[in-house]
Amino acid sequence: MKWFKYGDGMDLFADMRQEAAGEKERVVMHSQEPWCVLLVDDDEQMHQITRLALTGFKFQNRPLELISVLSGLEARKVMAERSDIALALVDVVMETEHAGLDLVRYIREELQNRQVRLVLRTGQAGQAPEDRVIKEYEIDDYKEKTELTTQKLRTLLYSMLRAYRDLCLIEDQKLGLSHVIEASANVQNTKSLQSYATAVLNQLTSLLKLHASAFYCVATPCPDSEKCNALTVATTAERVELYVESPFKGLPEDVQRRCKEVLSQRTTRDYGDAYVFFKQDERGVDSVLYVGFEQELSELDRKLLEIYMYNIGLTFENINLMVDLRETSKELVYNLANAVEARSRETGAHVQRVALYCERLAHLYGLAESEADMIKNASPLHDVGKVAIPDSILHKPGKLDAQEWAIMQKHVEYGVEILNRSKRRLMQVAKEIAATHHEKWDGSGYPNRLQGDDIPISGRITAIADVFDALGAKRSYKDPWTDEQIREELMAQKGRHFEPKLVELLLEHWDEFIAIRASLPD
């Protein structure tokens, strides 16, 4: 069975294309970055002795970068400019008797740097008693220069660098956890699943101490079995386009080949410098998690990554189900609205246009995305009550008489009655719109003669959107108005029928609304 047929989709690693082939080399280089150690002492001989004692020193296969300064003032400049100082060996007495102590206070309190390890070295212990200094200053050790032999100095560095490494890891995990929490609080659709899945993947690789390039994608087989729809939903690499089709395009050839092998063979593979996990859920949706690394994964590491795949896959499935249900409800709303419009001998394009006008006006008005989306999806039902109005009135070509007009106004009441049977948020907003979109800003509307801000914003927005579209459309009782006539009418009804701000927004963005109308002709 042939599984893959890739088109000319967007490059997944567009900005990283030239670097991608050298992924392993970049990882090795990353592991060789030196540990930055700041030497602060006004005695140049101490710098020379320290450098000699630390010749050839390495921790976790990373060398040292020794930065020498001769005063507390110089040290302040270095600490303010660099955030990668792992350890500072600080003399207590320099340009002043307490210059070293002042530097410690500056680093901890003004710079708020809690990660750098600080060790005081003094040749005059009486100037700064150890007990008082340890108690009052946030330092990690206190040494007399005479006691720091070569071996003890190297032992000190192992201890301090190990502590710095662990603090950095904890900080990374805290940041990663905050991303996970932030993302998980908003996992409501497949787009927000990206941030959630990526945050968890970053957190996981951090916990496992992997200098890894990882990405996670799902592949859905198409009915014709000739290709698959694959989407990348998580990655640890920067500048990567997420959630695009043809996710393997732009990746190094060996990575593409491995992912395709795993998907076609439906099995997890260990490639030595990369591990590619495979999973298939109950719906036949395949998932691939690619993790490139420099060290071998332990059995626990693999288990954690497999758990990640399972849970993200389950979340993805649940989110897709939720999205499917939401889209189904939208379709039902539009189908019902189209049926009402068809009975009124108006096209279904009217409710679609009104919905888009409402969404754009809501955004321009400054409403939240969720509120704008709700108004957009509820507005098609603004005239649902017309199903209860006799055809003789709905289709009358001329002007309605007083009795007919009173009956026509009843469609608001009928619409509220129909929509009130559901307690769902969408239906409640639709009820609000049906009840108020014929109210007017000056209080002369119907059915309740509401005025100004007493009219819900959903009703105010739908009112102007409905009239704007109706004026430009051919109806049984009128020909379409010209754009100039519509503009003049909106200006005339500013502060009377419509909220002034909404009129101004529509006129300021006139071309956008005309473009919407043109995109959905009757």
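Each position is counted from 1, following the chain as shown.
Every residue gets a Cβ built from N, Cα and C, even glycine.
Among the candidates His363, His411, His497, the residue that Swiss-Prot annotates alongside Asp383, His437, His438 as binding divalent metal cation 2 is His411. In the record from Swiss-Prot, residues His382, Asp383 bind divalent metal cation 1; the candidate from Asp301, Asp453, Asp454, Asp466 listed for the same site is Asp466.
Other than the site residues His382, Asp383, Asp466, same-chain residues with C-beta atoms no more than 8 angstroms from the centre of those residues' C-beta atoms, the divalent metal cation 1 site, are Val351, Val354, Ser379, Ile433, Ala434, His437, Thr462. The record gives Asp383, His411, His437, His438 for divalent metal cation 2. Within 8 Å of the mean position of their Cβ atoms, the other Cβ atoms in that chain belong to His382, Gly385, Lys386, Val412, Gly415, Ala434, Asp466. Calculated from their C-alpha atoms, the gap between His437 (divalent metal cation 2 binding site) and Lys386 (active site, proton donor) amounts to 14 Å. Looking just at the domain 'Response regulatory' (36-160), the mean pLDDT is 92. Within 10 Å of the C-beta of His437 (divalent metal cation 2 binding site) there are 26 other C-beta atoms, taking all protein chains into account.
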